[in-house]
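Participant: Annotations for this protein, taken from TrEMBL, read as follows:
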type: ACT_SITE; residues: Cys59; note: active site, nucleophile
type: ACT_SITE; residues: His122; note: active site
type: BINDING; residues: Asp17, Cys59, Asp269, Asn270; note: Ca(2+) binding site
type: CARBOHYD; residues: Asn184; note: N-linked glycosylation site
type: CARBOHYD; residues: Asn404; note: N-linked glycosylation site
type: MOD_RES; residues: Cys59; note: 3-oxoalanine (Cys)
Amino acid sequence: NECRQHDSNFMILLGYDPSYMGWGDLGVFGEPSKETPNLDQMASEGMLFLDFYTANPLCSPSRAALLTGRLPVRNGFYTTNAHARNAYTPQDIVGGIPDSELLLPELLKKAGYISKIIGKWHLGHRPQFHPLNHGFDEWFGSPNCHFGPFDNRALPNIPLYRDWEMIGRYYEDFKIDLKTGEANLTQIYLQEALDFISKQQASQQPFFLYWAIDATHAPVYASKQFLGSSQRGLYGDAVREIDDSIGKILKHLQKLGISENTFVFFTSDNGAALISAPEQGGSNGRFLCGKQTTFEGGMREPAIAWWPGHIPAGGVSHQLGNVMDLFTTSLSLAGLQPPSDRQIDGINLLPAILQGKLIDRPIFYYRGNEMMAVRVGLYKAHYWTWSNSWEEYSKGIDFCPGQNVSGVTTHTQEEHTTLPLVFHLGRDPGEKYPLSFASNEYQRAMEQISVIVQQHKVTMVPGEPQLNVCDKAVMNWSPPGCEKLGKCLKPPKSDPKKCFWPH
């Protein structure tokens, strides 16, 4: 069995959510200031994926997809409140990851793995959605983004947890200075990772570490020694600190003598948030638009696989990859099969990573409950286009600053299901020049794509939507452990409502 020959005792998914880091934020992808030496070195020692995607252009659904190997529309991380709307897990969300979903750490237990999540969970904050109820053995981090500070009356400050209980709240116990951008969180998350790796190595325990830091998510932060160190401002400071931390994690594995037994993968959960760029957002390189959209800038991610002694150094892959593949690939590394009682969208990337094979597969671009586009080979067909509404755009919310492409980056939802807009991403990675409907090339591309889309739609069974209902009473008023800290707050009366998702 090929996968038993390649058993990896340790697995690390790094920086899933160097949140909102874009394809163009790494030196190895051409970022002009070249401020990611450790990630660039990781790429030179491992394999760089040029065509790697997230499963959704927003944080929570893409994390749900990563950990279940399934599209968000299957695992419930979407909304039906309106057509093609991005939804996530803010504090007032009632839903979260359903018990019926099998998460990667639950399955890895069968092969004796201990699993830890460090950083942002984002799959629901109510007790039934807690990561330790879904296969993780340890957690240090937060259920939500580090938004705030709040007054603890209208909105509670967001808690940080160690395992089952909160240990404090952002802005109160874990400071983030919004004026200077100073916060020590990435250093804390780094130390947690190093300690966990050392502990598991000492006990010869196979481990899975999911390092989901979020310093590059607005409000962006960096620790004191990195503030002012980048040519790119505060966002660049945060990127430099993440890069430095990843370098330290990889060196730690080498020092402990376990790098050849450890499969490490770096990627991001969606494209850079251009709405907050350049001060609080990154770069998607030549790609169109950013986070929240199903254009390339919203869903194509930086991705690096590293496994010394197994992955040939300096590899570059054109394999179409997706974060959902990390689920199936990780199971394969542990000698396990994916569950057979459900549709799994992720594929095993090991033949591409270890032998340089190219596996034929499509990439589906979903926004909420709608399949917006599909990529087959080098062709991408848009069945719907939309950046955001005129109403939101007129408030200054722009997902495609300086990138208006007539008839493509539309502010109304435009349906193209009878004549999809098709782009050749090799010649036109920026999605500026749709193929002529009358051309032979268009006809040939659509013949192939139509069959794949039809098959996909016929077999699609959507999950129960988890992101429809919001209620202020379910916010982080009194998380487990608040009594010990004297930090319990009184929740308001329950008043469930349909969540409003503008994008």
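Cβ coordinates are placed from backbone N, Cα and C, and glycine is handled just like the others.
Situate these features within the shown structure.
Facilitator: Its own atom aside, the Cβ of His122 (active site) has 29 Cβ atoms within 10 angstroms in the protein chains shown.
Taking a C-beta cut-off of under 8 Å and a sequence gap of six or more, Asn270 (Ca(2+) binding site) has these contacts in its own chain: Tyr20, Thr54, Asn56, Pro57, Leu58, Cys59, Ser62, Lys291, Gln292, Gly298, Met299, Glu301.
Asn184 (N-linked glycosylation site) has a Cβ environment of 15 other Cβ atoms inside 10 Å.
The local packing around Asn404 (N-linked glycosylation site), expressed as other Cβ atoms within 10 Å of its Cβ over all shown chains, amounts to 13.
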Participant: How long is the line from the C-alpha of His122 (active site) to the C-alpha of Asn184 (N-linked glycosylation site), rounded to the nearest angstrom?
Facilitator: 21
Participant: How long is the line from the C-alpha of Asn404 (N-linked glycosylation site) to the C-alpha of Asp269 (Ca(2+) binding site), rounded to the nearest angstrom?
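Facilitator: A Cα-Cα distance of 24 Å.
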Participant: To the nearest whole angstrom, state the Cα distance for the pair Asp269 (Ca(2+) binding site) and Asn184 (N-linked glycosylation site).
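Facilitator: The separation of the Cα atoms works out to 22 Å.
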Participant: With every protein chain in view, how many other Cβ atoms are within 10 Å of the Cβ of Asp269 (Ca(2+) binding site)?
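Facilitator: Result for Asp269 (Ca(2+) binding site): 31 other Cβ atoms within 10 Å.
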